[in-house]
Structure formats: C-alpha cells, structure tokens
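Shown next, in structure tokens, is the structure this report addresses.
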Amino acid sequence: MSDNDTIVAQATPPGRGGVGILRISGLKAREVAETVLGKLPKPRYADYLPFKDADGSVLDQGIALWFPGPNSFTGEDVLELQGHGGPVILDLLLKRILTIPGLRIARPGEFSERAFLNDKLDLAQAEAIADLIDASSEQAARSALNSLQGAFSARVNHLVEALTHLRIYVEAAIDFPDEEIDFLSDGKIEAQLNDVIADLDAVRAEARQGSLLREGMKVVIAGRPNAGKSSLLNALAGREAAIVTDIAGTTRDVLREHIHIDGMPLHIIDTAGLREASDEVERIGIERAWQEIEQADRVLFMVDGTTTDAVDPAEIWSEFIARLPAKLPITVVRNKADITGETLGMSEVNGHALIRLSARTGEGVDVLRNHLKQSMGFDTNMEGGFLARRRHLQALEQAAEHLQQGKAQLLGAWAGELLAEELRLAQQNLSEITGEFTSDDLLGRIFSSFCIGK
C-alpha cells in the first residue's frame, strides 16, 4: 500500500438511495475515466454518460465530474461518478474500477489526508470535515463549518505569528547584549507577552465552548433505589425512555439518552439503584453504575425527599460520597417536592449545588437544565464560534503554561534564553493544532476515525 496509489471509495452512505457516488483520486483517475466512460469529461462540468463494464456493456448511467489536479479537493486528479444508489449497482461499478491496475480501496479519511498533505487543508480544517458530518445540533454544524472555512486556524495562526515576532525580539536582545537599551527590561517584551497571553486565553475560552458543542457533557444520575432516577431521566429526555414503577430495583442496567440543552449536547445516564445486590444481575448493574460514575463530568445525586430532611450529601449517604472520585462535581437533587411541599429551586450546601424538584410532575426540572448548562460554562449567545477537540484544548493549555513559565523567567531573572525556549515550546504546541508540527502517528489516529469516502 502506497500513498502514490490511486484510491477509490464510495462517498455516499451504504445502503439503498436515490444517488450513489464513487470517488477516485490519484494519477490513474484519468485512466479510470477513459476506461469506464470512454472519454475524459470536460473539467468541472457535469457530463451525463454510461458507465461501462470491461466487455462494453452498460453497468449504469449517471453524472461524471472531472477535477484535474491540483485544482481539486485532494490536490490530485479526482473523478466522481454519480449513479443510482443501489448497493448492487455500486458494487459492480466498484469491482469494475478495481480491475484497473494500480487502484485500491481508500483507507478511512484518506481523501482528507491527501488534501492535508497537499496543502489544500490544514489539520484543524480536515478534522472539521468529520465534525461537520457528526454534528448533532444546528449550532454544532455551524461551528464545524466555521472551522472548515478556517476560523479556528486563523485564530491559531495569528497567535503563532505573534509568538514568532516576539521570539525575534527576544532573541535579538540575547544576541546583542551590549546595546544601550536593555530590551528585556524596558517593558516592551512584557507588554507584548501579556497581549499574546490575553489573546490565547480568549481562544481557549472559545475552544472550550467548541469542545462542549462537539463532545457534550456526561451526566450520571445515581442514588438509592426508588429515588426517582428513571423519572428524572424521562423528564430530561422529554419521553418515556425508562420504565418507572414503585418496585425498588426496576432499573437493572445502564440507560443512556442523548439530548440538547440550548445546543449543548448532554449525555444522560440512568443507573441501577445503589445498594447491596439481591442477585447476580443486580450486582452486575451496580458495578456498571460505578463504572459510569467514574467517567462522568457530573453526578446528579438523587435523593428521595420523603425519606430524609438532610441536604448535606455527606449526611445523606456518607459511604456513597466517600467512594466518589476526587474532584468529581456533585449536584444534590432532592426529588418528590410535590409530596414534601419543599420550595422548588436551587441553593448551595457545603459547596454543592442543591436542587429541589419533582421528576414526576416536571416542576423544577428547568432549573436543573439551566444549572447543567451553567455548570459547564456553556454560552448560548456565542456567535461565529468553532468546534474544538480534546487534543486542541490540550495543545492550547500547554501553550498557555509555557507562556506563563516564560513570563516568570522574564520577570524573575530576566533570563532571555529561558524565555525564548518557553516561547518556542508554546509555538510548537499551537502548530500541532494546524498540523505544521505533528507526528505521523497522530495523523494516522486522526484520519482513521473518518468515513471511508472522506
């Protein structure tokens, strides 16, 4: 398998459809056109032609589009064949194309990978293609499109350029120490560094919003049996996703629902009631509940308000709180306010949010929705944002750490060499986002998650 091979793949989803598209990219795309179509179509014009088998019989007829490189998505010669979307027809056409020597099925994401390697896209834009396809809300789709059009890359490139200028200034001060002006202590470098740090902080804030849009928040509902966990899942989901009865232990396994709160994806997980298991099935369900809790972004500690007046989670169930992972945020949800007569709403107890509601009637559930959105710092008024992945957040975080360390070196010891090194490392972290500085292993992991035809 070589990167110089000509590749082919179906660009439309598998299964029956009105239209099915095969995409070919590489040096032999021209030969495919001449062999299957009998001619080379006019560049960038839709040509309605028969698609022929090796014996000259017609396999299908449809639209052929020819994009000679480098003016194509991949930067190579690209041919698209748009025929009928029946799986048998597409399979016959694909087999016909693969009889031509030098062609092979594309790896997942290989078309986008070639576009990146041929400088048609940077890495953040290439990732945005997959994010646009996988977008689960209108806001996520718009943000992914902004990233694809270069909004995120432009912000990162601006930071890289600012760091380049700052490095030049710092290294000039190091190389010419005998100048009358002490460049390191005259305040200009500190001012420029502060500007870069402020710009980076703004990008990090937007990236966190973009990450929430892409990945969402994982919330686990946990508590004793019959506390109303499944009723809360149904209230948040807006449908009967879980079976609700008065019988303790009705929920035996993990139930998952995917919803949106003003555009923010929320992964809600209902778990088995936590207690001493009465049988093997319940024991497995409780083990799975704890596994989900350990991976959660937040736990909703569900409490039956008719069984206790306590509001401090440690007082309600100290063993449960002690077993939770350190620093895992907890929201105490006192349920059945319709029975207890408690005042609906949110307050705080020993650093934990406390919400009183009725999962059965839905009263107070909107307060919980707003709390979940605000607890993640999600801004529904964000305009023109971009999507971001975990690796982007990590790169931005590492760059920020290097800039803060560089600032400490500047102000503490006027150590120009150490400042220059921290600036270089920060610049390297930022360049990883757009792919200017990256490893082949990282590229392989990124593009392998794409669709075959992308």
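Placement of Cβ uses the backbone N, Cα and C atoms for every residue, glycine included.
Taken from Swiss-Prot, the feature (6S)-5-formyl-5,6,7,8-tetrahydrofolate binding site applies to Arg23, Glu80, Lys120, Lys454, supported by sequence analysis. The Cβ of Lys120 ((6S)-5-formyl-5,6,7,8-tetrahydrofolate binding site) has 19 neighbouring Cβ atoms from other residues within 10 Å, across all protein chains displayed. Secondary structure from DSSP puts Lys120 ((6S)-5-formyl-5,6,7,8-tetrahydrofolate binding site) in coil.
Taken from Swiss-Prot, the feature domain 'TrmE-type G' covers 216-377.
Cβ neighbours within 10 Å of Asn226 (K(+) binding site), excluding its own Cβ and spanning all shown chains: 21. Marked as K(+) binding site by Swiss-Prot on the basis of sequence analysis: Asn226, Thr245, Ile247, Thr250.
What Swiss-Prot lists as GTP binding site is 226-231, 245-251, 270-273, 335-338, 358-360, and the listing cites sequence analysis. When secondary structure is read from DSSP and collapsed to three states, Asn226 (K(+) binding site) falls in the coil class.
The Mg(2+) binding site annotation in Swiss-Prot covers Ser230, Thr251, and the record cites sequence analysis as its basis.
Nearest in space to Lys336 (GTP binding site), taking C-alpha to C-alpha distance over the binding-site residues Arg23, Glu80, Lys120, Asn226, Ser230, is Asn226. If you take the Cα of Glu80 ((6S)-5-formyl-5,6,7,8-tetrahydrofolate binding site) and the Cα of Ser358 (GTP binding site), they are about 56 angstrom apart, rounded to a whole number. Candidate binding-site residues: Arg23, Lys120, Ala272, Ser358. Nearest to Ser230 (Mg(2+) binding site) by Cα distance: Ala272.
The distance from the Cα of Asn226 (K(+) binding site) to the Cα of Lys120 ((6S)-5-formyl-5,6,7,8-tetrahydrofolate binding site) comes to 57 Å.
Looking only at the binding-site residues Arg23, Lys229, Lys336, the densest Cβ neighbourhood within 10 Å occurs at Lys229. Each residue contributes its Cα atom, and for Arg23 ((6S)-5-formyl-5,6,7,8-tetrahydrofolate binding site) and Lys229 (GTP binding site) those atoms are 48 Å apart.
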